[in-house]
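For reference, the structure is listed below as structure tokens.
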Amino acid sequence: MIGRHRHLLGLEGLSREEILQVLDLATSMKEVLARPLKKVPSLRGKLVVNLFFEASTRTRSSFEIASKVLSADAVNWTASASSVTKGETLVDTARNLEAMRPDVLVIRHAAGGAPQLVSEHVACAVVSAGDGAHEHPSQGLLDCFTLREKLGTLEGKTVAIVGDVSHSRVARSDLHAMPKLGAKVRLCGPPTMIPQGIERLGGCTVHHDLREAVEGADAVVMLRIQHERIGDPLIPGTREYSKLWGLNARKAAEWLTPGCVILHPGPINRGVELSPEVADGPRSVILDQVQNGVAVRMAILYLLAGGSPAEVSAAGARS
Amino acid sequence: MDSEAIGRALSRLAREIAERSRNGGADLAIVGIRRGGVHLARRLRGELTRLLGQEPPLGTLDIALYRDDLSRGGAAPVVGPTDIQFKVEGRDILLVDDVLYTGRTIRAALDEIVDFGRPRRVWLAVLVDRGGRELPIAADFAGETVAVAPGDDVEVRLVEGGAAADEVVVKPRGTP
């Protein structure tokens with residue numbers, strides 16, 4: 001249970017307090033990952049099923065490791081090796097898996113809203129691990145966690161999100177979460193990659209010039225060009241994109257403030273969004289994001305596989 | 001118990017612990033169970049440092065991730081940090097908590113400690129032993145042993161936790 005929510009389908013409906021509940025718990029979970037014995041028994045006997053209808057390395061492993069550190073059993077399910085190839089519907093697949101009594105279903109799907117649909121047909125908790133261009137809530141939370149860790153707070157900070165915002169579920173989750181924590185968000189990219197009217201979501205401004213977007217920013221989130229998701233070309237070519245919206249060592253040195261950190265949800269198109277010197281340089285917190293992702297997903301699973309808030313005070317009585 | 005009684009109890013506990021410590025306390029480490037136990041562990045360390053002539057290392061333990069009631073539909077409790085920076089292996093660990101009741105917190109704490117290493121032995125020191133055990137666990141050192149009805153709470157209020165003065169109160173469950 002995260003605040004009032006049984007599922008984690010997006011960050012749009014989460015309040016500041018609910019987001020902070022996850023981030024604060026993730027801080028304690030990160031301490032567990034630093035121990036010599038990285039395992040605690042809190043979710044022993046719980047079953048987490050990862051349903052991935054799209055390819056994923058980081059997110060799926062991250063949820064799997066998070067489950068195992070908390071002593072839950074994790075089962076990985078991939079669409080290509082399932083009855084989906086025989087024409088089974090999403091709801092039927094979810095219902096069949098639910099009959100095996102999982103406590104949490106983690107779903108990644110190419111269609112926005114797929115986890116929401118599943119959540120309406122199953123009794124267990126559902127976590128979106130990214131759905132279409134809708135949201136990627138655990139990534140949004142780990143971005144916030146990493147920024148809070150590196151900058152101390154998001155209150156009053158400026159975050160530039162650069163790239164293909166229109167196809168990015170990460171950008172959407174960041175955009176829903178970061179302003180709630182007090183950050184100002186600048187969205188930047190080619191006009192074809194910024195949805196019209198997105199500034200109406202609040203807490204953000206739109207820029208098409210990279211220098212204007214990143215100068216004075218406390219953090220820059222570089223998005224991946226999602227070639228697999230883009231049907232018609234939205235940019236003339238990756239060389240031009242890299243020249244105008246990519247970040248290389250020279251631009252980073254000249255345009256970024258000294259404390260500015262660089263995030264990327266991965267996988268990186270090296271030489272397109274980020275040059276290798278920047279991706280591996282001292283400003284980069286990309287690997288911190290990966291590590292923090294496990295801690296944040298531990299917090300999410302712990303909260304959703306736990307109990308109801310009404311019972312917290314009784315169960316929380318010390319003995 | 002008032003502030004004076006708590007101070008006396010802690011002094012007596014420290015003397016008893018010092019007397020039973022081997023090698024002049026060289027192998028002793030103190031672990032306080034969050035939150036009340038941590039304050040008491042700090043005070044005991046101060047007393048033991050004076051008595052032993054050396055300062056035992058101090059750690060803190062949060063047992064929330066080791067509780068046995070999460071799967072009972074209970075709890076999304078607040079999980080605080082565990083901080084044990086010393087080697088547990090082979091050490092004499094003094095586990096400190098404010099109140100000993102059912103024994104489930106101590107069971108969880110023992111599970112967590114052994115995940116850090118295999119101590120030579122573990123002692124348990126509590127300020128108040130209120131009885132009512134549900135597990136075969138006993139305190140090695142208790143500041144005060146009192147019989148309290150199952151429906152009542154024992155609350156240890158310490159200045160470090162924001163109380164105006166140290167005190168131990170018994171009150172019906174649910175009352176402020």
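Any Cβ shown, glycine's included, is placed from N, Cα and C.
Sorting the domain 'Aspartate/ornithine carbamoyltransferase carbamoyl-P binding' (A:6-149) by DSSP state (H, G, I as helix; E, B as strand; all else coil) yields 65 helix, 27 strand, 52 coil. Per TrEMBL, the feature domain 'Aspartate/ornithine carbamoyltransferase carbamoyl-P binding' maps to A:6-149.
Feature annotation from TrEMBL assigns carbamoyl phosphate binding site to A:Arg58, A:Thr59, A:Arg108, A:His136, A:Gln139, A:Gly266, A:Pro267. Every protein chain shown contributes to the tally, and the Cβ of A:Pro267 (carbamoyl phosphate binding site) ends up with 10 other Cβ atoms within 10 Å.
Counting only same-chain residues six or more apart in sequence, none has a Cβ lying under 8 angstroms from the Cβ of A:Lys86 (L-aspartate binding site). Annotation source TrEMBL lists L-aspartate binding site at A:Lys86, A:Arg169, A:Arg224.
Annotation source TrEMBL lists domain 'Aspartate/ornithine carbamoyltransferase Asp/Orn-binding' at A:155-304.
In this structure, the binding-site residues under consideration are A:Arg58, A:Arg108, A:His136, A:Arg169, A:Arg224, and the one with the smallest number of other Cβ atoms within 10 Å of its Cβ is A:Arg58. Break the domain 'Aspartate/ornithine carbamoyltransferase Asp/Orn-binding' (A:155-304) down by DSSP state and the numbers are 65 helix, 25 strand, 60 coil. Of all the binding-site residues given, namely A:Thr59, A:His136, A:Gln139, none has its Cα within 10 Å of the Cα of A:Arg224 (L-aspartate binding site). You'll find the Cα of A:Gln139 (carbamoyl phosphate binding site) roughly 9 Å from the Cα of A:Arg169 (L-aspartate binding site). Excluding A:Arg58, A:Thr59, A:Arg108, A:His136, A:Gln139, A:Gly266, A:Pro267, which define the carbamoyl phosphate site, the same chain contributes A:Ser56, A:Thr57, A:Ser62, A:Ala129, A:Gly130, A:Val170, A:Pro265 within 8 Å (Cβ to the Cβ centroid), listed in sequence order. Sparsest Cβ environment among the binding-site residues A:Thr59, A:Gln139 (other Cβ atoms counted within 10 Å): A:Thr59.
Of all Cβ atoms in the protein chains displayed, 17 besides its own lie within 10 Å of the Cβ of A:Gly266 (carbamoyl phosphate binding site).
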